[in-house]
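These features come from TrEMBL:
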- A:ASP6: active site, nucleophile (ACT_SITE)
- A:ASP8: active site, proton donor (ACT_SITE)
Number of protein chains: 2
Amino acid sequence: MRLLIDMDDVLADTGAKILDVFNQRNGLQLEKSFFEDKHFYEYIKGHNSYRDALYEPGFFRDIKVFPDAIDVVKELNEKFEVYIVSAATEFPLSLTEKMEWLDEHFPFISWRNRVFCGDKSIVHGDIMIDDHARNFENFSGRKILFHSMHNTQVQGYERVKSWREIRDLIGCAGKE
Amino acid sequence: MRLLIDMDDVLADTGAKILDVFNQRNGLQLEKSFFEDKHFYEYIKGHNSYRDALYEPGFFRDIKVFPDAIDVVKELNEKFEVYIVSAATEFPLSLTEKMEWLDEHFPFISWRNRVFCGDKSIVHGDIMIDDHARNFENFSGRKILFHSMHNTQVQGYERVKSWREIRDLIGCAGKE
């Protein structure tokens, strides 16, 4: 079975860095939990944007790994054909940085199993773990939404909040 | 219909640059035509390798575009859902260079339609144009082999030698 795992806001806590930039630019001190009952993209419309920071050199290089992500992906990699699939071509400088980041934290995922694309409808597999529901639209396999401050109001998908939950949910589903 | 187009030795004349490096390192003056009746990979085994040059900064940035590639891809892009799919993650520095190269020569192919991967079995589509038969192995669509000095001895595939030939072959097959 082929398992497709997203990077930003699934393996990497990109949201934490984005929120830091957003807070700095707006003189705020919001925490992720603030968005548990709000539409993130609606809320930020009335504020200074963080978007251009994503195009700056180095933005994606030092993002923190989510707790347990390394251990659980290592386990799943024994059971599934794991591919890391990141919608990254919008940010050209991020590509080499993301390779370095994966080399540092997930060296057991070979370059053969890394995909950087724009529109994810081009990839296929059996299970997709992603934080953006738009990536599920043309995906025929099982869809698992990774909880994130920007998707708290999204409904209709199996949702996980941690890598431990993912282990419990699909840890035994590989090797089929 | 979704058309997947490779970069190296399909859009970009990577083989010409590789042969330059190979000739320099071996005191030779071979031309591509030398390999028309030989197995390229067998021949080079007894010589100094060009491989490490592929990992050097800048290698992929100034490669020449094949004749007519820009015009024909522009035409096909009106008829097909065109994706550029490059097995590039083996060469991390190439990723940003390949984005810049596409921005320069194929700006009409959006970042949304660019894919950099390792193993191409992860992508799906209706037609694939590639110079490596290994990329056809798990592909269920139509396979078109782009003639290259390293695949002259490969048999069993529809083969094209130029972008004009591709236009003649599939130019009318889009919009289905």
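Using N, Cα and C of the backbone, Cβ positions are placed for all residues, glycine too.
Taking the Cβ of A:ASP6 (active site, nucleophile) as centre and 10 Å as the limit, one finds 20 other Cβ atoms among all the protein chains shown. A:ASP8 (active site, proton donor): 24 other CB atoms within 10 A of its CB, across all protein chains.
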